[in-house]
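Presented below is the structure to which this report refers.
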Amino acid sequence: METVRTIFTHTYPYPHEHSRHAVIAVILGCVFFISSDNMHTLVLKLDSNVKWWSMYACLLGFFYFFSSPFIGKTITPSYSNFSRWYVAWILVAALYHLPSFQSMGVDMRMNLSLFLTIFVSSVLFLLVFHFVFIGLWYIGLVARVAGRRPAILTILQNCAVISIACCVFYSHCGNLAIIREKTLEKRHWSWFPRWNKDENFSWLAKFVRVYEFKDQVCKSWFAPVGSASDYPFLSKWVIYGELTCSGGSCAESPDEISPIYSLWATFIGLYIANYVVERSTGWALTHPVSQNESEKLKKKQMKPDFWIWFLGTQVFDLMVSVTLFVGRFDMRMMQAAMSRVEDGAKQDDLLYDQFSEHDELWFDFMADTGDGGNSSYSVARLLAQPFTSGSKQDSLITLPRANLLLIGGSCPPIWYNEEHVAVNKPELPREVPTLKQYDGPQCFLIPGNHDWFDGLQTFMRYICHKSWLGGWFMPQKKSYFALQLPKGWWVFGLDLALHCDIDDYQFKFFSELIKDKVSDCDSVIMTHEPSWLLDWYWNLETGKNISHLIRDHLNGRCKLRIAGDLHHYMRHSYVPLEKPVYVQHLLVNGCGGAFLHPTHVFRDFKYLYGTPYESKASYPSFHDSSRIALGNILKFRKKNWQFDFIGGIIYFILAFSVFPQCKLDHIYTDDTFSGNVKSFLGTIWDIFIYMLGHSYVSPAAVFFLLVAAITFVPSKVSRKRKVMIGVLHVSAHLSAALILMLLLELGIDTCIRHNLLATSGYHTLYEWYRSVESEHFPDRTGLRARIEQWTFGLYPACIKYLMSAFDVPEVMAVTRNNICKNGMDSLSRGGAVIYYASVFLYFWVFSTPIVSLVFGSYLYICINWFHIHFDEAFSSLRIANYKSFTRFHITSKGDLEVFTLAVDKVPKAWKLDPSWDSESKLPHSHSYRRKFPSKWRAVSPQQDPVSTVRIVDHFVVEHTAKPEGASVNGPSCNSGQGLHGKSFMLQLFCAINLQWKIFKQKELHHNCKMRLKLLFYVSISSVAVDQRKVRWMQTSLPVQ
């Protein structure tokens, strides 16, 4: 069997899909035939149909706003595809009842009945075809790819396309009843003066007379093809049922074959031929390419497959992880137990000093990646470049790649591969004996809140138990660490878990490290969460252990705090005062790939530990951040179309109890527009009062929605303001729901008044179909009667109820009339379900754009006026732009130079970088040694991050000044000798410090001689004394 399958199949891939092209062709054909045949009638009747055209505009407007988020999306069996067909069904069912199409000569009822008949026939035929084709694959007569079962929704979509095409072509070409000569009278063309001047050469005249060309196309392409005598016996039986006649033929059988059969057979044949070619031979309707050319083509079409990390796949697992692993079991305790924390700073798995002997060092900081592949890869591409040139004002600054990468939390894990897990870390290259001799880039990470959602299991598996992250080597073994850098700089990576603070084991490790090794050196604290901003915003006080570590142990030696979590860039620097400064600079940069957070919400932050701060830089700027928030009004539904489910249902429940509205005559009585508006608003208020006094469902929905809206307001707002905001929010939604309900009721009532709805019961369309069935679809052999007999009456019943289900407005209008005449109690339970279901189908389409507009406006007002909902307002926009990272440089003088590089717009399309592809790659060469380490580049060079990167902030943190005679890398910073050493100089320092305390306590005013001795000891000592204490003594002790 495998040999047979191999002989009859080809290895050439066939990458093309024609379904989208078929849909486009059908749409263009529909527009061509409808516009060419009825454009002149449309223009002639434009003056007399203003009321109905306005109704058309409202109806089409609502349907457009409902379907706008899905325009341009891929046509796949999904919610997007479902919405297209759902809108098409509901819209056509409403349009064919309006009079404009009928006045233009388009009989929608014939098209609808024909569509449903052809659709059912196409579905049955294609299902049989696919069943037979799968059977051929099973016995090995077609290719392997033929065994992939087609999606049911795809078959239904193709059948709908075929049915629409047949209806349009047949109604405009095959039905001779509506093809007639159309004359144009100039007296109706008052709006077009050019038409009156010269009819023959007017562009409008030529455009309107396109229908003449259409008639020629119909006669030549879609005319009846042949007669029954031209076809074999089997074809005549299939089309006409001639075997049922006596003698083997029927004298009354028509000689010509109806065009509907030829059109339907043509489209079905094209579908079958296309499917067979795709799944069987692999030929692209032309000659197949060779294997080598196919591989080249496939390589050129390759695109990066970004894997986006989601917070969790199941809510239950997330709750269990947070409650059990964080509340009862802390992974940091396990790390401390396994690392023997009692040994203090002697642990090699927490303290790393491989960079301490460098003359200078470059290192990067980035945080919060994984929400979007394009944005994360843009930042990664910049981090990997050997040199990055960023524009700063009018100059261009080139920065080399960093030796060290620090990731501040929420880093998405890569796919698990057993070959990439290192059992005994560090897993250095073979030619490198020790970590200090490794000259490649290294990476250290701290976990963020996303990493702790599973109890740190993923972080431990993919970070601490793995040696490589791309081209970066990861020697890290625990979730927190200390890095000793050149020129007396230290980096402390803290693990805050979900408690916003370090645990006791971390505090013990870092406090002993500061006492034994750090001494008076400068340090950088790296945490995932910027507690200084969040505590100020939420009016909280978290991180007591961190505050104790910074204020009492580092005591002014923390020059910089860096963090992520907030997905923007902000830097606050201290305002120089005489008070002690515990931290000089506060830096937040969480633009590693996640969605954007606003900056203008945090512009009023001023104080930390009693020290005043001012904002020095923000990205995006405060003005841009406020402007971006406007997208909640304009783009909320486009970005969050999933909100349709809950929003449409909530609005329907709010208006459920006030359907239907039977007495609407008073709205039509006033002749002025202002009077109509006043009557409309008065009716809304009366409906609201009635709802509160006579119904149960809607008031209950209002109550629960009010509770949810008040609870939704952030806790930083006072209770009184929370209630006010919640009431205003719910009032806006309730008003919108009632207005939409009344508009829907007015539309139905208008159609009923003009006898467009509720004319002949629930089955209007089916009754009309049966009345014209013999005219349009003659059955001289009685085939339909036999089918009805063979199916026990199911054949006509299915068509009858299918047409009734399609004609939703008729069902809604007939039931509404019954309720208004006999009351709601006369309606059965099934009838009530049918009525409210038909109302919901239309009310859902009308309400979903409005509920998104109201909720988006609420977020915009809250974020810009009250500075609340900063997370909800910007996460809903899903902004992938405004990405950045920070590059640090420890100079040879010991200063810390800080650059923040940013990309304003992230590219969405990538292609294979030809420079990377052409570069030679040795089997055992490291990727960081390549000149072009990034595999993908932007399709447009002008949008590539390497070309558009710029420097948005640049500042320098000066190294702590050392006393004369003290070396930068003296024993206090790099030698490892702590305050408990036995050297004479350290003992001398302790004695001096004790003497200073005695002076301070007794407040001696006659101590000039002792003070001079103290200053002399300091000048000859090589130990760096705290300069702030000396300056205080010089200024506070009086001179006699």
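Cβ atoms are placed via backbone N, Cα and C, with glycine included.
The range from 159-179, 306-326 that TrEMBL describes as transmembrane segment is residues 306-326.
Note on the transmembrane segment (687-713): residues 650, 653-658, 661, 721-723, 725-727, 729-730, 733-734, 738, 741-742, 868 of its chain, located 6 or more positions outside it, place their CB under 8 angstroms from a CB of the stretch. Counting Cβ pairs under 8 Å to the transmembrane segment (641-659), the stretch among 83-101, 725-744, 833-861 with the most such contacts is 833-861. In this chain, the transmembrane segment (833-861) lies in contact with the transmembrane segment (83-101); the count of Cβ pairs under 8 Å, excluding pairs fewer than 6 apart in sequence, is at least 3.
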